[in-house]
Each structure stands twice: as structure tokens, then as C-alpha cells.
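Take a look at the structure set out below.
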């Protein structure tokens with residue numbers, strides 16, 4: 001059975017920025033995850049995002065297919081991709097999605113206002129708010145690495161970010177087969193950092209030692225009003241593995257789950273994910289991964305989990321190479337320099353086949 005993990009807590013409103021930066025550094029070294037409190041995103045806005053996500057996925061399939069994905073924007077069907085490209089499962093992850101890219105490039109697809117009133121404006125507002133949190137958090141991360149607070153902005157990481165906001169739905173009542181099917185199979189995030197907001201129901205699990213086998217999974221409890229923040233692969237490469245990009249997965253709900261994300265794997269600089277989950281009691285005939293997703297029995301606990309994840313990735317032309325403060329003669333760079341878009345394309349190919 002996986003154990004529960006209590007993560008470090010970082011207060012974004014603290015006036016002592018050096019102390020906050022030190023707390024972030026220690027959390028990223030030890031866990032790769034931490035709680036972020038007093039982040040400034042209004043809880044009512046988060047609630048509206050959850051509600052609007054549910055409204056979209058409640059539409060008939062023929063209406064959703066009118067917005068089927070083009071240019072990595074729009075509706076994606078169930079089992080369309082698998083984050084764990086090493087898995088032997090023949091099915092993709094058990095979720096459908098709707099993806100929104102940069103707000104200014106006119107490539108996004110939107111439901112009609114008469115069908116889903118205020119849907120577009122709600123998503124755009126949340127996107128902008130989450131980006132503000134990311135910008136502030138990155139300045140503290142730079143400080144924690146003995147860099148100028150505006151280091152990542154000067155580097156160009158946040159110039160014209162390729163943000164992709166993804167709404168995810170994890171349907172329940174799926175058949176329980178011999179294959180392990182996850183809401184989000186084991187993976188590390190592609191980009192710099194990820195913000196995740198939840199409403200209290202468990203689902204997220206992490207494995208702190210990703211090179212060890214078998215993996216040891218720990219449940220990450222939510223904290224009311226807090227983001228769960230984790231480090232992505234790009235930040236791990238920048239810091240020469242000083243900060244860890246921790247492998248994690250999401251357990252699927254017994255009935256259904258919705259999420260709204262701004263996603264790193266869709267050529268993005270930012271990703272949001274909100275999830276509404278109905279959880280079912282565990283059943284020993286299936287792996288615990290299915291305990292939250294698949295209807296295994298007749299006794300269900302109707303509880304909603306509504307995480308919102310925001311994945312922050314650098315500009316597509318940004319060069320990812322070891323920071324000077326993170327290498328030395330005794331600790332040389334572990335990774336060669338790579339342009340972010342090239343790194344993203346390879347991750348996309350492995351996870352999605354394109």
C-alpha cells in the first residue's frame with residue numbers, strides 16, 4: 001500500500017524572499033514537490049473553472065467532436081495518448097481532453113457562447129492568473145539558485161510562452177481489464193514547474209526515486225487553498241539534477257473525473273489542469289490505479305476532486321543547458337544543451353506518436 005507524504009509548505013506572500021527562496025530550494029532538492037500557499041488566485045475563480053470544465057464534457061459526443069483537435073487545440077478523445085511510454089499497456093490513459101493554446105494567436109477553438117456562456121472568459125482569466133503566479137515563483141527559484149530574480153525573463157524563457165491549457169475528463173464505468181489503466185500514467189513533467197490545485201480528494205502519487213525498481217509510490221494529500229508545485233524536466237536539466245523532476249501518476253476515479261490543465265506536452269510554456277473526481281472504494285481484483293476510475297463494485301463514495309494544474313515551460317527557442325551555479329569541475333553538466341522545442345518534440349513523439 002502506498003504511504004501518504006506531507007510536503008514542505010512555501011508561503012508566496014512572505015516578505016522574506018531569501019527565506020522563501022531557501023525553502024523552495026530545499027523542497028526541490030528533497031522532494032521535487034511542495035505546497036504553495038497564499039498564491040493570490042481566487043478560490044471562486046478556480047471553482048468556476050471546474051464547473052465550466054464539467055459543462056463542456058457533459059455535452060453530447062457529436063457536439064464535442066465539432067471541436068476536435070487541430071494544431072494541438074480543441075477536443076481529444078478517450079485513450080488518445082499515454083504519458084508512460086515504457087508501459088506495455090496497449091491502451092492510452094483513460095481521459096478525454098480539451099486543449100487551449102496561447103491566447104493571442106487565433107488558433108484556439110471555443111465552444112459557442114450561447115452553448116456555454118462565459119466559458120471562454122473564465123478560461124482566459126484563469127490562464128492569466130496562473131501565469132502571474134508562475135512568473136513570481138520563477139523569480140524565487142532564480143534567487144534560490146543564486147541568480148538574479150529576473151534571470152528566467154532575461155533568458156527569454158517567458159517571452160511569447162507557448163502556453164497550452166488542457167481541460168481533462170476521466171470517465172467512470174470503464175471496463176476493468178487485465179491491463180493497468182491510469183488517469184495519467186507514470187511520468188515526469190516536460191517543462192519548468194507545475195502548479196496543481198485540488199479540493200481534498202486523493203489521486204496524485206509520486207515516486208521520489210525514479211531510477212530505483214520497483215517504484216515506491218506515495219500519496220500526496222491536498223491542502224485546502226494551496227497549490228501543489230512540482231519541478232519539471234527542464235528545471236532538472238538546468239540545475240544539473242540538483243532539483244529533481246519527480247515521477248508521478250494520477251489514479252483514475254470510479255465514476256468520472258474532470259480536469260483543466262495548461263499542458264507541457266502540447267508545445268506549451270504553461271499548462272493548467274483541473275480535475276473533478278468521483279472516487280470508488282478499492283477493489284483487490286484490479287490495481288489501485290483503477291480504484292478511482294473504474295466502476296469495480298456497487299458501493300460508491302461520491303466525492304469530487306478538482307485539481308487545477310498549470311505547467312510552466314520555457315519559450316520554444318530557449319536553450320536548455322546547465323546553469324553555471326549548478327556545475328563545477330567535480331560536477332560537470334550531465335546533459336548536452338538542447339533547444340526546448342526539440343526536447344518537446346521528442347517527448348511528444350514518445351508519448352503521443354507525433
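Backbone N, Cα and C define each Cβ position, glycine as well.
No curator has checked TrEMBL annotations; they are predicted automatically.
In TrEMBL, the feature transmembrane segment is placed on 293-312, out of the ranges 233-252, 293-312, 313-332.
When the ranges 198-218, 261-281 are checked against TrEMBL, the one recorded as transmembrane segment is 261-281.
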